[in-house]
């Protein structure tokens, strides 16, 4: 009543709402007060409410100016016309009040003023949209749609029911409504993209590379807001797929927000925050002790051992997108329960005589049913689109993070893992999140839908609904038992899958040996044995899933049967008429989906929880720590000072004393300085390294909690030295085994102790030593692949490094691509290097010349040929620093002489 009284005072005594005028009549009309307040304030409030969000979007936009065109000029001028006539309406009211002393009310002054201010704000937003390159806006479209719909009752009243008192008011509103229609229609389309937008200069559209497919940008980038929410932009690809089979060239480029180089940094940033938080978080505990009747309080700081979690990182990275999807899901769920109420109203209307209720009520209810179904479908499909995109981004982030983590695992972590485990993490465990995210909102949505359905059923059928509720409650314990058993089977299944992938990887790598020795049958039996165990687990999981799905599929029918039966039995006056039957069946039908999806949802959660644990263990495992710096050094390209490096992990060498470091796989106190432009050769014979005994712990725990290398190589600029090592002690053992500052405690094996090296720019340095003296380890220390116990290592920051290992690495591609290795092709330079590395005669006998495929699946090269290809690759790279580990060991003497004169020289 207080609100109605306020509106009556505001409108000069006119009613805000009149049922007899609006609803209980054959010619419905809204009151003047309602038209001058609610119909204007609601759209205006929407624009003013979301204007700050639009301003943030404008401020964050990095696009360029959109040129003037007929589209944006017409829209801005149309909005300006609305502002002009709204201002004239306000002045007209003032004129009538002042000149003719005509009674005017606050609502009559407020309506044109609010319209003027709102559309002035809209015009400003449109100008800023053009300035910052925003070609479409959801806020603008929704506002123009609301303004058009809410202005229609006034337009209808002025044109067909009651003309305004003054002819000017009628003309003014016609101009206003016409301009509003133009604004709305133009808002349904998108403006042109900025001339220098990132989309227009996408590097992926470069056709200079003949091997790469040209993909067009996604039309979603240029689509309008209306096209996006209706997915109209996708019609072109759908029609093309209907007419012919689609190929990869028909697909569009990914949007920038969906690319790995956009998603991965966001995930990494939040993951590093989690790691930093877990390291710095501390808890204080107050310990109270009593002595001589006196209490002493001691504060003890405890650092929790809880590792950072992948799930928290994913929530921080993609949580905002998830909230958007949840909002669409909430709107869809609420709209679901509007339809049964409208159906109830329609049945009541049909059951009444025509004289009792106007006919237009039925048309209105039918129209509302149609619009509700349309909006409901729109919300549901947009919800699924958002969740599928989130799932794709989550999988992209996880796959990228797993891949980079696998490359940075410490030496001990590599011992405890297999390729199969990493492959399963990227393919299976990452996919679990995609499967879960599609229906994750059912965790809260299903209970909400069930509660609302039971609430409305209670309104229709009364206490008999409790019988149906009891049936659902009885099904919960059975499903909980099935879910627990499913989780155990899922853990076993993933272990067997890891074993199978590992075995298949070993078979494929050694298929030539297996064929030569006719071992196919024994290996086949081994694979079948693992596969049978895996199939047995899958079979049991399928049985459990069938039982769970059967129970929950039958649940809606059981609930409706029990509820209807009890409703009729408890009271003889209870009759299932058309209204109760159809409305109740509609509500029972709404129960079917959440109750059917609950068992699948539980299965997805169980599977994903297993994957979360596996991923947490993997991401919290130790990894290499970067110790190679890239500082500028004018003289040396490589320098190691007192570097001690080891192949053992820090968990195994937890001591700062170098005498405690196992000698095997360790370089201790390495000092090296490699001058710029110099040639350094590390010469020596091969030694069989001591095999380290691994700790007998569970495979996954050891893998995920193992240590990692620390970064110790700096990249500072040095005008003289390209490489410098000062008092460097390096070991292949880990810091956990060498947790001592006393170098005499470090085991000599696999350790370089007190290394001092300065390599000048342009110098050639050869490291000569006996077998097992640590020449290869020295290069590994420079590259940052050992554990640095002490000392400083600096590699000139601007210097590019090329590395030729003792065992040549060949990529499975053509010989030419192995030499060029991604660098721009230069035929003159390429031919010169081929000649210097004595590869000309080899190319002549290859079937395809330098286009012949080599590597694991190509032509088999000899050890000397592989080594020469590796040296040629290093020469072609134009690196400032070239590290060669015994590059001539596998070639013939005359070839070695030729390469020494042509490669290891100024030529």
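Easy rule for this one: first residue shown is 1, then count along the chain.
Note that Cβ sites are derived from N, Cα and C of the backbone, with glycine treated the same way.
Model, not experiment: these values are computed from the prediction.
Summarising the annotation, TrEMBL assigns domain 'AAA+ ATPase' to 761-904.
The feature transmembrane segment is assigned by TrEMBL to 38-59 (among others). Sequence-distant contacts of the transmembrane segment (38-59), counting only residues of its own chain at least 6 positions beyond either end whose CB sits under 8 Å from a CB of the stretch, comprise 16, 30, 111, 114-115, 117-118, 121-122, 125, 128-129, 132, 134, 137, 139-140, 142-143, 146-147, 150-151, 153-154.
Residues or ranges marked as transmembrane segment by TrEMBL: 79-100 (among others). Beyond the ends of the transmembrane segment (79-100), by six or more residues, the same chain brings 108-109, 111-113, 115-116, 119-120, 122-123, 126, 166, 168-169, 172, 175-176, 179-180, 183 to within a C-beta distance below 8 angstroms of the stretch.
The transmembrane segment annotation in TrEMBL covers 106-128 (among others).
When Cβ-Cβ distances below 8 Å are used as the criterion, the transmembrane segment (140-158) is approached by residues 29-30, 35, 39-40, 42-43, 46-47, 54, 122, 125-126, 129, 164, 170, 173-174, 176-177, 180-181, 183-184, 187-188, 224-226 of the same chain, each at least six residues removed from its ends. The transmembrane segment annotation in TrEMBL covers 140-158 (among others).
Positions annotated as transmembrane segment by TrEMBL: 170-190 (among others). Beyond the ends of the transmembrane segment (170-190), by six or more residues, the same chain brings 71, 74-75, 78-79, 81-82, 85-86, 88-89, 92, 115, 135-137, 140-141, 144-145, 147-148, 151, 154-155, 158, 163-164, 222-227 to within a C-beta distance below 8 angstroms of the stretch.
Summarising the annotation, TrEMBL assigns transmembrane segment to 310-331 (among others).
The feature transmembrane segment is assigned by TrEMBL to 360-384 (among others). Below 8 angstroms of C-beta separation, residues 26, 28, 229-231, 325, 328-329, 331-332, 335-336, 338-339, 342-343, 345-346, 349-350, 438, 441 of the same chain, each at least six residues beyond the ends of the transmembrane segment (360-384), sit close to that stretch.
The transmembrane segment annotation in TrEMBL covers 436-458 (among others). A Cβ distance under 8 Å defines the sequence-distant neighbours of the transmembrane segment (436-458), meaning residues of its chain 6+ beyond its ends; these are 322, 325-326, 329-330, 333, 336-337, 340-341, 383-384, 387-388, 390-391, 394, 465, 468-469, 472, 563, 583-584, 587-588, 590-591, 593-595, 597-598, 600-601, 604-605, 607-608.
Under the heading transmembrane segment, TrEMBL lists 464-485 (among others).
Residues 457, 461-465, 467-472, 475, 478-479, 482-483, 485-486, 489-490, 493, 576, 584-585, 588-589, 591-592, 595-596, 598-600, 602-603 of the same chain lie 6 or more positions beyond the ends of the transmembrane segment (541-570) yet place their CB under 8 Å from a CB of it. Positions annotated as transmembrane segment by TrEMBL: 541-570 (among others).
The transmembrane segment annotation in TrEMBL covers 590-612 (among others).
For 679-697 (among others), the entry in TrEMBL reads transmembrane segment.
Beyond the ends of the transmembrane segment (590-612), by six or more residues, the same chain brings 309-311, 336-337, 340, 428-430, 432-433, 435-436, 439-440, 442-443, 445-447, 449-450, 453, 472, 479, 482-483, 486-487, 490-491, 494, 545, 548-549, 551-553, 555-556, 559 to within a C-beta distance below 8 angstroms of the stretch.
Along the domain 'AAA+ ATPase' (761-904), the predicted structure has mean pLDDT 85. Secondary structure of the domain 'AAA+ ATPase' (761-904), assigned with DSSP and counted as helix (H, G, I), strand (E, B) and coil, comes to 58 helix, 26 strand, 60 coil.
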